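Straight from TrEMBL, the features:
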type	residues	note
BINDING	Glu71, Leu92, Asp93, Gly94, Thr95, Asp221	substrate binding site
BINDING	Glu71, Asp90, Leu92, Asp221	Mg(2+) 1 binding site
BINDING	Asp90, Asp93, Asp221	Mg(2+) 2 binding site
Amino acid sequence: MAAASEAAIDCKPLISMALEAGRAILAIYTGDHDAAEKKDGSPVTLADQAAEAVILKGLADACPDIPVIAEEAVSAGHVPAAASRYFLVDPLDGTREFISRNGEFTVNIALIDRGVPVAGVVYAPASGEIYWTGGADARMARVSPDALEAGDGVPVHVRPAPEGGLTVLASRSHACTRTKQLIEQLPVSDVTSAGSSLKLCLVAAGRADVYPRLSPTMQWDIAAGHAVLRAAGGRVLSLTPGGAEATELAYHAPASRDGSGLENSAFIAIGDPELAPVVLKASHI
Ligand SMILES: Nc1ncnc2c1ncn2[C@@H]1O[C@H](COP(=O)(O)O)[C@@H](OP(=O)(O)O)[C@H]1O
Ligand SMILES: [Mg+2]
């Protein structure tokens, strides 16, 4: 994979890996499994592990020199040494949505370079929507479950904030009171709940305007969607206590080899960058 740090990155190999991981997930999702009641050996766990195995093999073949921080590996205690450039992988984001069988779960592969998500792929295998960026622009395509590639797709871009009110997205399964209070401070026309990193992609595609997230998330949950949103013209603003400035959420290597320190601060994703002062003001609740 061509991966010069300044130039756009060819993400076709990442797209292929995400599609293959999606096939592994769908084989379990649509298979004859007993909804995920068991903690160990549950379909979710099997799907997470199968998808991550596909991605780790693909990355090892395509980019053997770039370390990978992946959710399941970190859970098992495998954390690479700190590096300025690394992949961040959430093989199945939206565990609760997988269990609910509502289709709102995604495969996520991001490339971080000095704290910035410079490339990413987000694939929702149940719907066939795939979003990606290699840095130059953000694109999306709809694929069939057996697709091996996504083609050129179409460009996606954020939209200007509508005068009639904002479409706001919130987590379907991890909503919190503070997020609701923040949303009440915004000029809202519609609030929609959705699972997983798809929320960032919906903002990137101009189908929503704001995604506030004050309940906890991990860096791998949002890095690929953040890359897509950034390339589509949007921002993910970090909300630090008392912070008065719009700071882009940054990524950092784990604080130690046990993987601690990979939590995100609270954040608000916005499509129209001119919304930054509006959402920051609303966040002072
Ligand atoms: N208490 C907590 N601490 C850290 N992350 C949490 C969390 N509760 C939920 N999350 C994160 O929120 C993600 C789901 O986001 P959403 O609510 O937008 O669908 C989860 O991803 P997984 O489903 O991959 O575990 C998980 O990483
Ligand atoms: Mg996740």
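Cβ atoms here come from the backbone N, Cα and C positions, even for glycine.
Shown on the structure are the features that TrEMBL records.
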residue	record	Cβ contacts under 8 Å, 6 or more apart
Glu71	substrate binding site	Asp48, Glu52, Val89, Asp90, Pro91, Met218, Trp220
Leu92	substrate binding site	Ile25, Val44, Ala47, Asp48, Ala51, Phe98, Phe105, Thr106, Val107
Asp93	substrate binding site	Phe105, Thr106, Val107, Asn108, Ser196, Ser197, Trp220, Asp221
Gly94	substrate binding site	Glu104, Phe105, Thr106, Gly195, Ser196, Ser197, Leu198
Thr95	substrate binding site	Val44, Asp48, Phe105
Just how many other Cβ atoms lie inside 10 Å of the Cβ on Asp221 (substrate binding site)?
24
In sequence order, those binding-site residues of Asp90, Leu92, Gly94, Thr95 whose CB lies under 6 Å from ligand 2:
Asp90
Determine which residues of this chain, when Glu71, Leu92, Asp93, Gly94, Thr95, Asp221 are set aside, have a Cβ within 8 Å of the centroid of the substrate site's Cβ atoms, and list them as they appear in the sequence.
Asp48, Asp90, Pro91, Phe105, Thr106, Asn108, Ser196, Ser197, Trp220
Taking the centroid of the Cβ atoms of Asp90, Asp93, Asp221 (Mg(2+) 2 site), which other same-chain residues have Cβ within 8 Å of it?
Glu71, Leu92, Gly94, Thr106, Asn108, Ser196, Ser197, Thr217, Met218, Trp220, Ile222, Ala224
